[in-house]
């Protein structure tokens, strides 16, 4: 077996895995020649997550090195693949240990670098495609097309320069935080940047002529109300005037389409809008069209704003109505100073202080704003504000207030209930509630609090999700004692909102103990297993834990996900596998007399703990049958822990290898099987390769042997067969 990420248990030798925190630029196979860290056995058993983090950061660096090298070689599909699924998986493992090593920020930086590398790949591929098109246009003598493509190369080169600078900065940050050598990655990126810039520069020099522009504002103190005259000349760098040409001059934030005279001179009237009030100069730029033979040029001229000019917002609607289902629509006009209008002024729409829409004015000052009414706005008259959000600029903002009528909206709720467990003595019995909260037309209503009732008693709340659905559970302890048909109700009160109240009701069918005795049932074989019907996150919720999966998923010193889940569930349900671990002797049971009380339950039923351990093993077998070997091994490991609970001290949470240490301390008989199962669990949870079906089957058989110590395999073990 060859080593892989995270496979660092006692069964793994130092030769199986080489952990490195350097990046070999040309090595993507892991066959590096750098010196490994200390023995992985020590790493795993000591819970040294820093070593694991170092190994994972090295792997991420290797993937980045290969990706950036492929970008340089124009192998873009390969470049993308190296920062794709495999990178995601390794990064996910790194995120898991980051919390244990105080490297959460570094994990985020690795994610940013992944995105930037993917962006660089796309930009460089687009650049190469554009370069090919440019060369074809040159060969065909298509001058205008060649000019357009030369400008496009320049634009892409600028974007690539921005991304590569950001990458270099973040890679240095990772180096400083982790000690991982990313020099080869940074060299690859710099090579891409320099090559791109050189190709772009050459194309521009061949196709376009450099220019210069001058500009003078007279007077140099001005405002929107009191405009200034701007004059200047436009020439090539060798002094030739660009005469009698239509050109675009950008002054500050405003563009002017004008025509030069025979000397290349121009004149325009400039009224500042967004120029800062404290500006001491104004930028002026010549902006040629894509097919122009000229390059852009820019300059500045001294300037000072003498006074701000205010805006006025006027609402054109006679009445405004809307609700969560029907957006508000407001028409208005914005004037500047003495009834002047300007295009591009920003306008915001606020309802009871919440921004619900934005827009920009047209040249005639008109703007139409549309906004969805938030669900938490009460019905009736609501305050509606239109605002021009400008302050420290030549043209300053303003706002106006009006009223909008918020009309009610009908809602509807649905509820479905599924009972897990029908034994009235089973404290794990619960009802899983699911449903949807929507408008009358079926549109989802997310983020709303729904009350949950058993009979007339409220027992909790649940919040609708983005698609309007909800799910929660009602524990058996909430059912009225002796009731075999409790009523479950979910309700939306509609308080402090314009959404109408609604509710949904269902009745549970809970067989009583007498009904079960009549049926002669000794065990509910139809009970839906928690692990079989729920995701791991739901199990955590069922166990009463508010701990997130990410918090539970630490390696080494962190809480072990599956183990902790089982501990939480065990603590709630009080499992005890001692009966399973010490099965009764049929001979001694038969020989029992009235004077000698039987040592086991006369019914012959397994203990709750053994049942739970077997139940987890059955779930593992189901996962194996579905070819989900990773889940199968993880569930089998959980079954093992449940089976050994009374033999091993589990008063405090332990990692998988800490649990093994306690098994050693307890001198359990099944130590060899336990070690094999834990090793396989670690491989399944933290390593790259998927556990083979054969290996997973062996694990389940080993756990079955532990559960049935000294006897035959469990009755359900046929699930482990090939059939």
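Using the three backbone atoms N, Cα and C, a Cβ is placed for every residue, glycine included.
Bear in mind that the values here come from a model prediction, so they are computed numbers and not experimental data.
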Region 'Disordered' according to TrEMBL, located in which of 397-430, 431-464, 465-498, 499-532:
499-532
Checking feature assignment: region 'Disordered' per TrEMBL, candidates 542-577, 578-613, 614-649. Which range matches?
578-613
For which of the residue intervals 73-119, 120-166 does TrEMBL record coiled coil?
120-166
